[in-house]
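As structure tokens, the structure follows; a few thoughts come after it.
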Amino acid sequence: MEAAESATSAKRMRLTSKSPQDWIFDFIVYLLIGIITILTLYPFLNVLAISFNDSVDTVRGGITIYPREFTLENYKVIFSYSGLITGFKISVLRTLVGTLAGLVSGSMLAYTLARVDFQGRRFISTFLAITMYVSGGLIPGFILIKDLNLINTFAVYILPGLVSAFNIFVIRSFIDGIPYALQESAKLDGANDFTIYWRVILPLCKPALATVALFLAVGQWNSWFDTYLFNGSNEKLTTLQYELMKVLQSTMTNANNVRGENMSQLMAQVSPDSVKMAITIVATVPILIVYPFLQKYFVKGMTLGAVKS
Amino acid sequence: MKAITVENQTSGGLSKKSQRWKVFKNQRFLYMMSIPFVIWVFIFQYLPLWGWTMAFQNYKPGKGFFSQKWVGFEHFQTLFKDDHFYLVLRNTLAMSFMGLVAGLVFPILFALLLNEVRVQVLKRFVQTVSYLPHFVSWVVAAGIVTKMLSTDGGVVNSVLMGLHLIDQPIQFMSKGHMFWGIVTGADVWKETGWNAIIYLAAISGIGPELYEAARVDGASRLKQIWHITLPGIRPTIIVLLIMSIGHLIGIGFEKQFLLGNHLVSDYSEVLDLYALNYGLSMGRYSFGTAISIFNSVISVILLFVANGMFKKFANESIM
């Protein structure tokens, strides 16, 4: 429809020449769009340029969107810091495990809620919807994790966020759109409800799963507060975002709270600024590689979720 | 939700006990696939609500529930007498309100603007770029914002100096009265493109024949936006406005935690941070829980207000 619309407007433009008013209008539109694009992109390009620029040269200032004296030294330095390596590994691991676990549990629950004949459907839907609005808050949540002995474990990254009501409603509204006849014919062939879910429903709701997988993966990769709260003193369970947070905060407030001498020595080797920018890039790039390819899915998923809720 | 109820009643009309048991047995797989998660939700989402009792005790970790000392509303009284609490409440409300207005206006403007871009490749490119900041963490975003506003080599100061608007670089991050603006600005930078998705979807649902008719009548493109596009997305705007009122006070604390520092703490501290700093870090669990409860109660009230507004609007739009 969009294509048709633009085709007709193109035809119109060829038939009737643009009025001066239209020229001014277009000029302002493209000018503003240009400014917005620059405002969005410039900070990233600036950080990227500084991360590849010689640290001594960076201190002179004036780096814009390309490195003046190209070097890989900053990256060599940060990758010699053990906390970053551990952080990277744990972040990748929690992203993989968390996304997979969230997808399986979310789609399974969503399927049962999409079954109109399911007795427990109304109760479970309400039970779940309430959690979107009411939460115990910071401290009761912390005490619960403590009482469950989940502090200083990897499981604390996966378990608390396993079932998300929003994601489940996104998948469910997608399943609602799949013809029910498919399930009925599978049932006539003797398939049980789990087989129907696994063999019929799951393969058909790949677009919804892609959307939810992106939300889950981004959430997992980007979270730092659970590390701060629960595993902050455990060097083996540190995450990349948490390490970045420590490095960024350390010189921002001039109070050196970076654990051990390791990092401050590195910062002395090259400038703190260069270290920060290089870690920022390492923490950002994996997501930037993934999201443009999933764009058509999440745009649909977002629109669907918003319409339903 | 209403639709589900109706469907369920029609399908579960037989209320005989034996009938129910039969259905239960038939649906055992569905129960097996959902009950574990119901238990999970109960543990991780509902049990913390039980923790609210802590606010009425002098909670000491390690002691059983019945051996805690009960103190009634003492912690709430302490809270409401604390001058600092009112400062924190002011910060929370101010930043929520600014976030609400900016989070409504900018995505709409951006969607309207993007809709006027007729070159499809460019439109797609700009849209993809606009999502980018949404996908980076607040840790990264806060780092970037701090870098851009810094006094040594920050682009904002460089540009302002270059334009001779200022003589000295401004220390943005240490000026308390600028903090609300910085947080709101950072939010706009990060989420405008993402939040515009829904408006763009709503705009693409407006029939092209309306625009054709307007063109025949000689309406300028600005007039078309005003008389066709904006009224076309009016329901979407109202629904999203109401939804964001419901979530007004739950602004979280990530931005404030990451962008704030001790120089601006009078402006940066919000309710959740207050609970974190005074409750968790100092071990005053009961006091911290009282703060969380206050936060939740306000949220629920706002939610009901929003819901009431929604119903009123829904009625109006039907009439």
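Any Cβ shown, glycine's included, is placed from N, Cα and C.
What TrEMBL says about a protein is an automatic prediction, not a curated fact.
Residues annotated as transmembrane segment in TrEMBL: A:23-45 (among others). Sequence-distant neighbours of the transmembrane segment (A:23-45) (same chain, 6+ residues past either end, Cβ-Cβ under 8 Å): 64-65, 284.
Per TrEMBL, domain 'ABC transmembrane type-1' is recorded for A:88-294.
Summarising the annotation, TrEMBL assigns transmembrane segment to A:92-111 (among others).
Here TrEMBL flags A:123-145 (among others) as transmembrane segment.
Taken from TrEMBL, the feature transmembrane segment covers A:151-175 (among others).
Remote same-chain partners of the transmembrane segment (A:196-218), defined as residues 6 or more beyond its termini with a Cβ less than 8 Å from a stretch Cβ, comprise 95, 98-99, 102-103, 106-108, 111, 164, 167, 170-171, 174-175, 178, 182-183, 186-187, 287, 290-291, 294, 297-298, 300-302, 304. Here TrEMBL flags A:196-218 (among others) as transmembrane segment.
Sequence annotations record features per position, and here TrEMBL assigns transmembrane segment to A:275-294 (among others). Same-chain residues lying 6+ beyond the ends of the transmembrane segment (A:275-294) with a Cβ under 8 Å from its Cβ atoms: 44, 47-48, 50-51, 74-75, 77-78, 84, 88, 210-211, 214, 217-218, 221-222, 240-241, 243-244, 247-248, 251, 266-267.
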Are there residues at least 6 beyond the ends of the transmembrane segment (A:123-145) whose Cβ is under 8 Å from a Cβ of it, and what are they?
109, 112-113, 151, 156, 160, 163, 165-166, 168, 229-230
In terms of Cβ proximity under 8 Å, which residues at least six beyond the ends of the transmembrane segment (A:92-111) contact it?
124, 128, 154, 157-158, 161-164, 167-169, 171-172, 175, 197, 201-202, 205, 209, 212-213, 216-217, 219-221, 239
